[in-house]
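Trainee: I have a structure I would like to understand better, so I am pasting it below and will then ask my questions one at a time.
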């Protein structure tokens, strides 16, 4: 029954409604949530403006009179797509961070709005009005709500409306409608938010490609000085209640005073005593739509209030519900003192919980060795997260089901040696990005433990006792063992957990009840190289010390199998006679083994084998006596192909073999048989009345390396042939194991390691890599089994290069799986000898499956123009014969070369030699030698004149003999007074016969863009873009301002943003094994290559707007370099062994510029000022660094194997033009001046440098050994390394620096593809007459790409 208090409250509220309805009925009627402000064109207002469709648009409204907001005045206001109004600055891009933002703003529903794919019913509009009825409505509203404003007069109203808008990425299945109205008086400003009933149907965008989910919609205000105000529910699931809550008395309607606001104060809410705040009835029951239950929870009323219960498929306390099976991340900070030393506040806690296995992996770093070693003794750091997400057994609830992630955890540790420690952990629930947040405080002392001493904690069961609803206590004694020192550390841990409890009326009071939690597989490690504490454990709740996975109900084994406990988990072993196999659904089942077909039976050679469910039976052949397992001849048997089964008489004998058993073998259990159901026949025995064939038995012809089944011969595993002749597939010193040929190491000598494209070297099973990474040493105690407790490969990219990380539904986790054509456990994958006739997918995309008669099987063979083993094919040599090279060329060692007296032109064809020094002579011109100058030059042939580089024309009859000059031309003497020629008059240009008026930017300013100026240069009058714009002068585009002064680093599966101070490192995007990356400072984007998904991807600097750039005909893009001046992206492909380029504006315009003499291309860098391209090739037999022009011509060797060993990343110094490189072989960072070859060492004695960049007079590089961002200044002084959190793999790869300066330079290819047509790609070449070359692409129709084998 409702209490008297609740009845009285309802009476007062009802009275308030009646009072408001009677006295202010017209006001409340005007405030109905479905009454949005509409534009009324009465002639006194401006027009209404609509935003274009998209996800990052804006409109500017220039105000006639300034708006007061907080303590400032503004004359401009922008409406932006993403549900926000900003003052004096646009804010088009969605920034995934909580308030406050960097701009003064009014946010009605700041979220990732996207109208790109919307229909005509969707609009975003902005208008200002002085229409009288609208002003009266606004004035009355403010007077009613604020007792201090009885005389308020609205002079203007500005209205922004988002109507039926969708969310990112172009989703329209759910739509939102909301409005913000700014009510402007003489000095006062008020803001009204309107959320119509049913108008809010989504809260966040779907930025699946990013590392963090979008924050749920935020509503509130941000002042210029950083003050901000959030509406209730802003940024959380409760934002959906904005349309049902209020601070004015009508659901969905909100009003705030935003000016004037004194310093130190904030926006004001209505103070009229007759208005109700927030939600009607303050959600006292489930009938109130504003109750605080999670959207995936059900609301249950009780006698006083209500409780929330998560729906099936979710778990939590009802106010927070998580989906079953999804991994969870926990982040936290540490403060306090340990052993009288302050805890480093830079240390961050990160936990990853695999909820399907209830295993948590926690890392705290960076930590100095002394602190990190001692923190291993702070057991609450280990146990709290497992308590939250323990696997439930028998319906027991874990910590998250009790608390929803919001609780206090106070622990006191008392050590036997006298030290004590207090640990306070405050869990604050899920943050904006659905990560569980915790703050940890430590105060006290623990015993000293060496950093390198292994610490062991055995599995244990802990009792949690409910003191009362909302409080749980636990007291447990532990023994930590220092195995090397053979000593134990004893301690007692007293834990107290406080949370808000909600008991339904049908739930019993848990006071004095207990729950048992088992902690197992504990790891307590400190890794000095990573400066990281790494701890992990499995947990179950609802168990006891004696239970295991097979007895507590956890295990679910399939039919014909038995459950076997295995540490804290279990395995299902098939019964004898059955084997595990995956069915069509990918689930493991136990199927019967056909011992007869496999030849694994033990029947006598003179017996027939019959397969049964889980076993087999043996029957002696006719002419033999015995029990089937042992048969002896009775001297009357014929050598026939198929033996005859036992004869069935009228009184069937239950023994299937009527012959006596001369040997005392144990009796085999037999099933009762009925006469009408004879024994099944495993082979086609002849019947009683049939004539038995007496042709010889074919089995005697089988090879010694074959088995005979059903009269046919089949080669053993590891052999190939027809069964009569079988040949060993494996070579000498090899043995067939696990479906492939394995080396047979008898003498256990050292071996050469196998190194992949990343420089990672591996050894065969049984061998370990030496410390210098140069050889493989035999390891006697090598364990071929992989650690079953590895972190899932989607968290730690630990798969082999020939494996992929795949989701396995039946195991509910990601597992490394070897790629087609390889076998292994996913962490080590070796090529297998498999038939492509059965599995054609094992062949490379540039290979076909062909039958090899010599081998007697099908195999993968690379297509013409490619070479390799068939599993991996790469471009082969350019030619094999002269006819492959085209006209005027011949094949020389696989490379096409021009015939004598011929040379290649810019179209890669062999033409008569016309190159003159560094240029080509034009038509009717020859190359001459200037002996005095010592140079070559082009000159017109006798009787011709003109520009010898462009082309010469025949000399006309002098105009002084015959005046043939055209209009606007006169006959003038030349430098030779005896010779005259026609010359155009000033202001005209031409050959003197046809003269046209010169069009330049001085007499025709329209030739220049509005944002350019006409300037006189040494090449004439040209249009030059103004500062802040870029282009060719005829077209100038505004250069956007972007964030700067940070590093972008690839951690393999995550791209991270690292400020130069090393603080607040953030993951911005998820990648699929990204090696190289570079930035486009013009557009504010980062590009990276993904070698797993085989594509190039880009995103904005904050990780938003992820887009695929190139996703076809690309294999392994290891290096990325961007020419921001010409708007081109270059990349190296280490599988295709090519260097390629594409237009940033149109990626379909792409071309291969280098495809010869490359083995393992990796690093690449571009110098747009000096128009040069550089790349590294880490071919271990001949490493090198090369350079060329930007179109691939003029290729030169810069550094060879005598100078570099394992060159990785490259960077060009803008000021000097030096090329700097990181060499993991020489362990140096060095620079070379390309013009003169002079080198200098920046830093040496490094560990394993990989990525390299330069900014603010400092070099930065990623180091695979130290796992840090190392740096040195331009003078060679080492700086403090930056320890970044590990969001992806444990290695860092490529990196780039984002600076404020962005090159502002002219390029002939910068605008409109340089004027190149026919789908050709404009590439800069300063040696070409026009300063550029138009490179053929696959889409060009008037030219063809050079192929490896012309004519095929």
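Glycine is treated like the rest: Cβ placed from N, Cα and C.
Quick paste from TrEMBL:
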- 653-667: compositional bias 'Pro residues' (COMPBIAS)
- 799-816: disulfide bond (DISULFID)
- 843-860: disulfide bond (DISULFID)
- 965-982: disulfide bond (DISULFID)
- 546-584: domain 'EGF-like' (DOMAIN)
- 592-632: domain 'EGF-like' (DOMAIN)
- 789-830: domain 'EGF-like' (DOMAIN)
- 832-874: domain 'EGF-like' (DOMAIN)
- 955-996: domain 'EGF-like' (DOMAIN)
- 639-692: region 'Disordered' (REGION)
- 1084-1126: repeat 'LDL-receptor class B' (REPEAT)
- 1127-1170: repeat 'LDL-receptor class B' (REPEAT)
- 1171-1216: repeat 'LDL-receptor class B' (REPEAT)
- 1-22: signal peptide (SIGNAL)
Trainee: State the non-local partners of the domain 'EGF-like' (955-996) in its own chain: residues 6+ outside its ends, Cβ under 8 Å from one of its Cβ atoms.
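Mentor: Same-chain residues near the domain 'EGF-like' (955-996) but 6 or more away: 943-945, 1003.
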Trainee: What whole-number Å value do you get for the CA-CA distance of residue 843 (disulfide bond) and residue 982 (disulfide bond)?
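Mentor: So the alpha carbons of residue 843 (disulfide bond) and residue 982 (disulfide bond) sit roughly 70 Å from each other.
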Trainee: Which Cβ among the disulfide-bonded residues (799, 816, 843, 965) has the fewest C-beta neighbours inside 10 Å?
Mentor: 965
Trainee: Any residues 6+ beyond the ends of the domain 'EGF-like' (546-584) with a Cβ under 8 Å from its own?
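Mentor: Tertiary neighbours of the domain 'EGF-like' (546-584) are 357, 391, 393-394, 459, 518, 520-521, 538, 540, 590-593, 595, 613-615.
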Trainee: Would you mind splitting the domain 'EGF-like' (546-584) into helix, strand and coil residue counts from DSSP?
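Mentor: Counts, helix then strand then coil: 0 helix, 17 strand, 22 coil.
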Trainee: Over the domain 'EGF-like' (832-874), what is the model's average pLDDT?
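Mentor: In the predicted model, the domain 'EGF-like' (832-874) has a mean pLDDT of 79.
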Trainee: Which of these disulfide-bonded residues is closest to residue 799 (disulfide bond) if you go by CA atoms: 860, 965, 982?
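Mentor: The smallest Cα gap between residue 799 (disulfide bond) and any of the disulfide-bonded residues is with 860.
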Trainee: Taking only the Cα atoms, work out how far residue 982 (disulfide bond) lies from residue 816 (disulfide bond), in Å, as a whole number.
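Mentor: Cα-Cα, rounded: 79 Å.
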Trainee: In Å, rounded, how far does the Cα of residue 860 (disulfide bond) sit from the Cα of residue 816 (disulfide bond)?
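Mentor: Counting only the Cα atoms, the answer is 24 Å.
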Trainee: Applying a 10 Å Cβ distance cut-off over all chains shown, what neighbour count does residue 860 (disulfide bond) have?
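Mentor: Cβ-Cβ neighbours of residue 860 (disulfide bond) within 10 Å number 22.
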Trainee: Using C-alpha atoms only, work out the spacing between residue 965 (disulfide bond) and residue 816 (disulfide bond) and round it to an integer in Å.
Mentor: 81
